Amino acid sequence: MSQPIYKRILLKLSGEALQGDEGFGIDPSILDRMALEIKELVAMGVEVGVVLGGGNLFRGAKLAKAGMNRVVGDHMGMLATVMNGLAMRDALHRADVNAKLMSAFQLNGICDTYNWSEAIKMLREKRVVIFSAGTGSPFFTTDSAACLRGIEIEADVVLKATKVDGVYNCDPAKNADAVLYHQLNYADVIEHELQVMDLAAFTLARDHHMPIRVFNMGKPGALRRVILGEVEGTLICDQKLS
């Protein structure tokens, strides 16, 4: 049997991925499938950290444009990621996976407050650690939180799960001739203005040489193939374009 090429990963799941075709909220079947795919990684010996977005429940930036104070909106968005984290923890527990939910700010009685050394300890014990509430500060996206937590826990890679197969030279939804890149370096992404994640998050990953792999979580088995080093999605790292 093939062996994982990564020992420890940070998996970034968007809130939209959890809603499936529902358009809002959480699709239980999607949640359970993701939990089973994560369970498979744990069984392979991979240490898994997870960061969840909250866009399926709330988008602070969108309401800020409509007049809401941006700080208030972002705080509400952070709470949405905690709600998604609670749902993911429950799904993992139902799948017999030991999981711990941590929040960037105190939510006594609901989940633990983020503690770096405790998170490392639990990962080494093969417990899935779910990081919620983003970075704990407004104006930072959950992509920034994913890169930050990935760097802090010394993950081998940040895996960004999306609804597309990877990074294209243009929008595949608008152009049938869009080309999928299999590997890019950080400079390529900036030079060609490719949409991987927001610039603050991407720059953080680049400055700390944190590889990012973008893949389609909707494809059955895609996460497993990524972990085993098979050709899946787009890898962004220090190496040149290929």
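Using N, Cα and C of the backbone, Cβ positions are placed for all residues, glycine too.
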Item to check | Residue among Asp32, Asp74 sharing the UMP site, where Swiss-Prot lists Gly54, Thr135, Gly136, Ser137, Pro138, Phe139, Phe140, Thr141, Thr142 as binders | outcome: Asp74
Checklist entry - Looking at the ranges 2-7, 20-25, which is given as region 'Involved in allosteric activation by GTP' in Swiss-Prot? => result 20-25
Checklist entry - Ranking the binding-site residues Gly54, Gly55 by other Cβ atoms within 10 Å, which is at the bottom? => result Gly55
Next on the checklist: Rank aside, I only need the closest one: which of the binding-site residues Thr135, Ser137, Phe139, Thr141 has its C-alpha nearest to that of Thr162 (ATP binding site)?
Outcome noted: Thr141
Item to check | Sorted by sequence, non-Gly54, Asp74, Thr135, Gly136, Ser137, Pro138, Phe139, Phe140, Thr141, Thr142 residues with Cβ within 8 Å of centre, UMP | outcome: Gly77, Met78, Gly134, Ser144, Ala145
Item to check | Pairwise Cα distance for Gly54 (UMP binding site)/Ser14 (ATP binding site) [Å, integer] | outcome: 7
Next on the checklist: By a 10 A CB contact count over all chains shown, which of the binding-site residues listed here is most packed: Thr141, Thr162?
Outcome noted: Thr162
